[in-house]
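Engineer: TrEMBL lists these features:
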| type | residues | note |
| --- | --- | --- |
| REGION | 1-25 | region 'Disordered' |
| DOMAIN | 37-458 | domain 'Major facilitator superfamily (MFS) profile' |
| TRANSMEM | 80-100 | transmembrane segment |
| TRANSMEM | 106-125 | transmembrane segment |
| TRANSMEM | 177-205 | transmembrane segment |
| TRANSMEM | 211-230 | transmembrane segment |
| TRANSMEM | 301-322 | transmembrane segment |
| TRANSMEM | 329-352 | transmembrane segment |
| TRANSMEM | 358-385 | transmembrane segment |
| TRANSMEM | 397-415 | transmembrane segment |
| TRANSMEM | 435-454 | transmembrane segment |
Amino acid sequence: MRLPWSKKDVDLEPKTGDDPKDSNVLERKMGLSKKGAIFAAGASLFSDGYANASIGPAGTIIKTYIYPETFKNRPVNAKLLPAIAFAGIIVGQLSFGWISDKIGRKFGMLLCTGIVFVFSALQAASKGPGPQGTINALLAYRFLVGVGIGGEYPTGSVAAAENTEDPDIPKKSQQRLFVLATNTMIDFAFVISYFVCLVCLWIFGMNHLNAVWRLTLGLGVVPPLFLFYFRLKMREPEAYAKHSMKNTKIPYWLIIKRYWVKLAAVSATWFLYDWITYPFGLYATPITDVADPNGTLYTSIGWGCLINFFYVPGTLIGAFVVDWFGPKYCMIFGLCCQALVGFILSGTYNLLTEPGRIAGFAILYGVFLGFGELGPGNCLGLLASKAIGPTAARGQLYGIAAAVGKIGAFIGTYTFPQIQASFGPPGSYGNNTGIFWLGSGLAVASALITLIFIPNIKPDAMHNEDILFREYLEANGFDTSSMGLKDTVSDVEGNQIAHHGKADKEGLKTTTAPVL
């Protein structure tokens, strides 16, 4: 790998997998096999899930117990605290898309890992002049954490997708491995973030809540620290090595003409999904407060942990059916089931929230979230990485689609209280159920967009599209000879070499006949 400011190559290539005898003990036990490279690239989204979800219980503690007067005197704090990270994520997704395509997937992943590690630690140590100064420092650090997290989408997720089409990966498990390495990591992080806060609360108690929220956020340094070592050992994906435009100008107009419909469709569905899903997850604690008005901080965070756990069965079941249905139809199935459960949840809310029936509310709400993960939660990343563009611009196109989704999450998180209030006064039926009616309606709209505008992808979809993209460029007069990294041969060039070689041999046979 060559760093952008260096004239020399840095030897950070893996010593595991193909040549394990040269590895140390740690590498032999946890080395980068072909499947391991997928997880090393994509599992950093665990940091995304942890950072986004941990501010839910931590924010409840800060707002309700640590600085209640400050939040009361300046209500905008309550809106910015859960939403500010999304602004940073959008910046990271858009900026690191270019870095991923023009500098390299590996460099982008390493830089993102470093950013997330540094600012996760700093947000736990937030301190300023007075309560508002401390809140301002926390907001600033959360924005910068968001930049690193956002960069993981067009670097780590894209590299994970490209590694799934390695020749050694079974074709029937390509989509499953991507889902397990990306969205499943996010969903496990949702659960762990609440559980970590609950454990910290058990340890420190109600008299040391400052330690609880700081440690909850600070433990976000663990995932990037663990991944950094393995990412140092990674190679660039084979698809990037063959088809990147690192050394030539990217023909953006030709790319837009070919892919704009797919990009717009995936972006729209991602926007609608994140607009309602992220607020649901972030506000699990206040939602359960409505259903369990006499609960304590312990029970409130515990209910949040339980509800977030229902993301996990959804993503795991979805991972094992996505190769069977195909990402398009798996997404439609999940959206339709989510809409149905949402309508049921709205209609039966008063019944389920009666004393002694709160478990039914939690289970049905969890099933609602689970179907969202089985469908769009798992499949949007797949479609964004494999259906909307070629390797040459995949990082930027993925970054745009993901950024549009996070804009939806930002808007949803920031406007959630106003949306809820528009359905009626606090405690009313409309106030408590309106968001489920809205979420179900958006799920139906997303299913229709997916059905009409998004193609179903098959195994090796990116490989096949890269070949078609080269042919498309050449048909439009673009010189493709500079595509790919040094010392690599594209599939198209390889076929041409093989064809010419065969023709030369046949010509040699016809011209070297013996003369009698």
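Here the Cβ of each residue, glycine as well, is placed from N, Cα and C on the backbone.
Where the annotation comes from TrEMBL, it is an automatic prediction and has not been curated.
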Engineer: So what's the average pLDDT for the domain 'Major facilitator superfamily (MFS) profile' (37-458)?
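Structural biologist: For the domain 'Major facilitator superfamily (MFS) profile' (37-458), the model's average pLDDT rounds to 89.
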Engineer: Go through 177-205, 211-230, 329-352, 397-415 and flag the stretch with the largest number of C-beta pairs under 8 Å relative to the transmembrane segment (435-454).
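Structural biologist: Ranked by Cβ pairs under 8 Å, first place goes to 329-352.
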Engineer: Is it true that the transmembrane segment (211-230) and the transmembrane segment (329-352) have 3 or more Cβ pairs under 8 Å, skipping pairs fewer than 6 apart in sequence?
Structural biologist: no
Engineer: Count, for each of 106-125, 177-205, 301-322, 329-352, 397-415, the Cβ pairs lying under 8 Å from the transmembrane segment (80-100), and report the range with the highest count.
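Structural biologist: It is 397-415 that shares the most Cβ pairs under 8 Å with the transmembrane segment (80-100).
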Engineer: Can you say which of 106-125, 177-205, 329-352 has the most Cβ pairs under 8 Å with the transmembrane segment (301-322)?
Structural biologist: 177-205
